[in-house]
Structures are given as C-alpha cells and as structure tokens.
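A.B. asks: Here it is: the structure, laid out below.
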Amino acid sequence: MAAVTWSRARCWCPSLLQVLRLPVTKLHLGRPAMRATQQDFENAMNQVKLLKKDPGNEVKLRLYALYKQATEGPCTMPKPGVFDFVNKAKWDAWNALGSLPKETARQNYVDLVSSLSSSSEASSQGKGGADGKAQESKGILVTSEGGITKITFNRPSKKNAITFQMYQDIILALKNASTDDTVITVFTGAGDYYSSGNDLTNFTSASGGMEEAANKGAIVLREFVNTFIDFPKPLVAVVNGPAVGISVTLLGLFDAVYASDRATFHTPFSHLGQSPEACSSYTFPKMMGSAKAAEMLLFGKKLTAREAWAQGLVTEVFPESTFETEVWTRLKTYAKLPPNSMRISKELIRKNEKEKLHAVNEEECTTLRARWLSEECINAIMSFVTRKPKL
C-alpha cells in the first residue's frame, strides 16, 4: 500500500480512498465568531506535519479541499477521468465546497486542524506508549507459544481489511512457520471482525493506476494462495466475527475452521464486479455442492455460522460466551500431538489435490486480473470508495 505523504500540509490528499464526503456542518469546530488570520492559516499548515495519528482519508480529503478553497477559491479545474481515482477524489472534495468564501474555508481549515491536534494528543496520552500503535500499523501480529504460531489480522479499526503489505507479511509468516518448531498455525482476527477481506483501496493506491494495481494484485494473490496450498502443517481458522471475501474463500484450504456463533461468511464478488479467488471456484462446490456454492459465489448470500457449518465450510460452532476458552483449550491439546505424524497425515490427505489447486489458483488470478480492469469492477469500486458513511 502506498504511504501517504505528510511532509507538506498542502499534500493532505489520500493515496488510499475510502469515504469521500464529510458534512460541512462538522467543520465548524472552533471559533465561529472569529476570522482566522493568514498567520493562523500558516500555523495550521505547519501543525498538520506534527500530527501523530493518521486522521483517515475522509479528513485528509477535506483538508486538501479547504486548503485549495482558501488559497485559490472555488474549483475551476476540469474534472479528471473516471479511472484517475486519486485526482478525481480530490476534485470531488474541492468542487463540493462550491462558492464557500476563501475566508470561511481558511477558518474551517484552522478549526479542523486544531480539533485534530487536540484529538491526537489525547489519544497519545490515553494509550500510554507507542507499543499499541506499532502493532496497529503492522497489519498482522505473529506470536509463537506452546507449539502454536498465531497470526492475527490486526487492523480492528478497518475491520481487519487486508492490504498489499499484509499479503506479503502473511506469506513471510507462513514460510517461517512452515520450518520452525511450532506444531500448528492458527489465524484469527483482532476486535469484532475476523476480516472484512481485501482492502479495496489497494486498487486506488498504486501510482501507476488501475492497470498497475491489477498486475501487482494478480502476482501477489497467486503467491499468497499458493503459500496456503503448500503449507505443510495443520492450519486452523478461529473465526471470531464476520468474515468477508478472501478471508472466507481461503477457508477451503484450512484443515479446521472453528467459528463463534456471531460469525458470518460473505463473498460479495458479483456485487463488486469480481470473481472467486483462493481456489473457492473448486473447493466450495466440492464441499457444499454446486447449488449452495453458487448461492455464495454468484449471488453473494451471507451465511450464519450455523449455515456455514451445515454446508461443510465450518468444522464446529461455539457460543460467543465460551468461544475463546473452548477453542484455545482444544488447540493447546492439538499442539501436543506428534508433529511429524500430523505433517505426514496432512500430506496424504492433500497431495492428490495440490496440482489441481495450483492450476485453479492460476486460472482464478488470470480471470481476476481481467475483472479488475473491467468497467463493472471499476464502477463498483468507485461506488464503494465514494459511498456516504453510515450514521
């Protein structure tokens, strides 16, 4: 994922897009009866550089728009093309301010920065250190204890959506786990979600545009899924909450899937103009039959944990109140089983399928690359990243 540039206040425009609208009423956060001076405005621009916490793409777009309105007035630039995601988002944000006077835009910019500075300082003091922040920015958390490698999707504020960097980090974590002395490898999620799947802003962050993102995405996805196909040790998913997209389709490559009764399983590929991945076009019909697989992969039916169990996607469902205790007690028992015996048994179970799975993965990635460049997919992604936030 491309990093956001923080070195200059006027560059508060996202390389990643999520929500592009912020009600103007929320901008009058400070001194409504006062007029910000030019010096106040310049001080605010300098203050932006010192923010310790990323305020999110929604706010960064608003800062960009207010800066442009305060310095140049209403937007008169031609509207960028539909495929120019970043510049179109910037244009939309600026144009949405209409005829807002320069003085008002300047005041709103100063007030918004002041509010962000206060929030950032309070957040830093509340956390009492940088450890939590470092874990949050890492994307995944990998721990090894008692014979278990635990890989946690660790972006709870983003519902554990998976970035390009997280794909690479998971590949590395699995390669390390395949050769270390742990016995089983477990995936779970931090917070309320297991994972909301692929971070769609992966497609809007590539500097070379959609084609570069599609090419990179196909390569990374192919290696990512192959790593799961080839993983030699028992692989267990502890699905603590809603799972979406690739976090669901991957489950067909796991050896056991334990779910909380509050978990749901959703593969909205058609809604996004995309197609199945992670070998689900093969594993899902094999597990649940063609009709039930089509309900999920074609029509985007969301399954409850009980429904997923009935269709063979989930091994066992546990009550939310006892989920963590029951599952981890069981996993600690599994980790004491003879490791070589489990490796050999898994190889016997999976070996006849490996060649087929690699072929399916190759075909799915090739198809997905084409879908990502299709008008249907691009329109769906644009609709997603420009949607209004839920109140």
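Glycine too: its Cβ is placed from the backbone N, Cα and C atoms.
So Swiss-Prot lists these for the protein:
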type: BINDING; residues: Y64, A65, L66, Y67, K68, K90, Y109; note: acyl-CoA binding site
type: DOMAIN; residues: 37-122; note: domain 'ACB'
type: MOD_RES; residues: K49; note: N6-succinyllysine
type: MOD_RES; residues: K53; note: N6-succinyllysine
type: MOD_RES; residues: K60; note: N6-succinyllysine
type: MOD_RES; residues: K68; note: N6-succinyllysine
type: MOD_RES; residues: K79; note: N6-succinyllysine
type: MOD_RES; residues: K88; note: N6-succinyllysine
type: MOD_RES; residues: K90; note: N6-succinyllysine
type: MOD_RES; residues: S99; note: phosphoserine
type: MOD_RES; residues: S117; note: phosphoserine
type: MOD_RES; residues: K127; note: N6-succinyllysine
type: MOD_RES; residues: K159; note: N6-succinyllysine
type: MOD_RES; residues: K286; note: N6-succinyllysine
type: REGION; residues: 149-319; note: region 'ECH-like'
type: TRANSIT; residues: 1-36; note: transit peptide
A.B. asks: Specify the secondary structure state of K53 (N6-succinyllysine) as given by DSSP, simplified to three classes.
C.D. replies: coil
A.B. asks: Got a sec? Which of these binding-site residues, Y64, Y67, Y109, has the most Cβ atoms within 10 Å?
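C.D. replies: That would be Y109, with the highest Cβ count within 10 Å.
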A.B. asks: How many Å lie between the Cα of K60 (N6-succinyllysine) and the Cα of K90 (acyl-CoA binding site)?
C.D. replies: 10
A.B. asks: Cβ distance under 8 Å to K159 (N6-succinyllysine), same chain, sequence separation 6 or more: which residues?
C.D. replies: G191, D192, Y193, S195, S196, P242
A.B. asks: Among K49, K79, K88, S117, K286, these being the modified residues, pick the one whose CA is nearest to that of A65 (acyl-CoA binding site).
C.D. replies: K88
A.B. asks: Within the domain 'ACB' (37-122), how many residues are helix, strand or coil going by DSSP?
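C.D. replies: Counts, helix then strand then coil: 59 helix, 0 strand, 27 coil.
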A.B. asks: Here the modified residues are S99, S117; which one has the lowest number of other Cβ atoms no more than 10 Å from its Cβ?
C.D. replies: S99
A.B. asks: From the binding-site residues Y64, Y67, K68, K90, Y109, pick the residue whose C-alpha lies nearest to the C-alpha of K79 (N6-succinyllysine).
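C.D. replies: Closest by Cα: K90.
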A.B. asks: In whole Å, how far is S99 (phosphoserine) from Y109 (acyl-CoA binding site) when you measure between their Cα atoms?
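C.D. replies: Distance (Cα to Cα, whole Å): 16 Å.
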A.B. asks: So among the recorded positions K53, K79, K90, K286, who's got the most Cβ atoms within 10 Å?
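C.D. replies: The residue with the most neighbouring Cβ atoms within 10 Å is K90.
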A.B. asks: Largest pairwise Cα distance, Å, within the listed acyl-CoA binders Y64, A65, L66, Y67, K68, K90, Y109?
C.D. replies: 16
